[in-house]
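Reading through the structure tokens given below for one structure.
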């Protein structure tokens, strides 16, 4: 952005103001109508000049930063959905809190393989715990104190897919749940839900919880056998789009992920900022 200090001798005050409007100039501190008229009369009474500064440059629309992936339950398919989203958007991946490492390699390794991500696209967990429990319980077993308020998004210029642990009301520490972390990080949520019987209730309850915390929702992902009725009910009563349906897969591998990634809408279309922020 550049600045220029200008001095002009416009013929009259009205002509000067019309010129400012013509270039789209705005004043940061407007005058009242009476004060403005008095200033214009004073200007027109004598041979006066105007000094003003303009700022000019190119502005780019803010790029969508990413999403926070949560679920209606543990084991609902968040990691597979995260891999598909990361592949579709060429995004980075971050799992802030990983538990259950005593039994498995962890979700970061899974997403790496499924989404075919380069090492630079991966951000290590802020906390890696052994027990397959909530972060709060797993940390207490290991004598570790967690603090959700200490977590911050990793630095990256790429879109970011953040995968939470379990559902929205999984405890992180003695004061915060996963939904609090989603709100704090400031990313819209992609909610992963089962497609089968019971999902309407579970999904709508989760959407209501997100709304009560002021967390925007980018969309819902349904995992399991295709069910048009459940999809319609969630979109109708939840007021959010189902952005992806993941059918039952014969084999979960990078090829299947790449094919499903082709069905994902562009990130920018899901994460429009409010008009006041544009």
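Quick reminder: no glycine exception, Cβ is built from N, Cα and C everywhere.
Automated prediction, rather than curation, is the source of TrEMBL annotations.
What TrEMBL says about this one:
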type: ACT_SITE; residues: 95; note: active site
type: BINDING; residues: 75, 76, 77, 78, 79, 80, 163, 164, 165, 166, 247, 248, 249; note: ATP binding site
type: BINDING; residues: 79, 163; note: Mg(2+) binding site
type: BINDING; residues: 99; note: substrate binding site
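Where TrEMBL records a feature, it is marked here on the structure.
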residue	record	Cβ contacts under 8 Å, 6 or more apart
75	ATP binding site	none
77	ATP binding site	71, 192, 194, 221, 223, 224, 246
79	ATP binding site	107, 110, 111, 163
95	active site	106, 107, 108, 111, 125, 162, 163, 165
99	substrate binding site	129, 130, 131, 132, 133, 134, 135, 138, 165
247	ATP binding site	224, 225, 226
249	ATP binding site	256
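Classification of residue 163 (ATP binding site) by DSSP places it within a strand. The secondary structure of residue 77 (ATP binding site), as reduced to three states from DSSP, is coil rather than helix or strand.
In this entry, 75, 76, 77, 78, 79, 80, 163, 164, 165, 166, 247, 248, 249 make up the residues listed for ATP, with the farthest two CA atoms of the set 23 Å from each other. With a 10 A radius on its CB, residue 165 (ATP binding site) counts 27 other CB atoms from all the protein chains.
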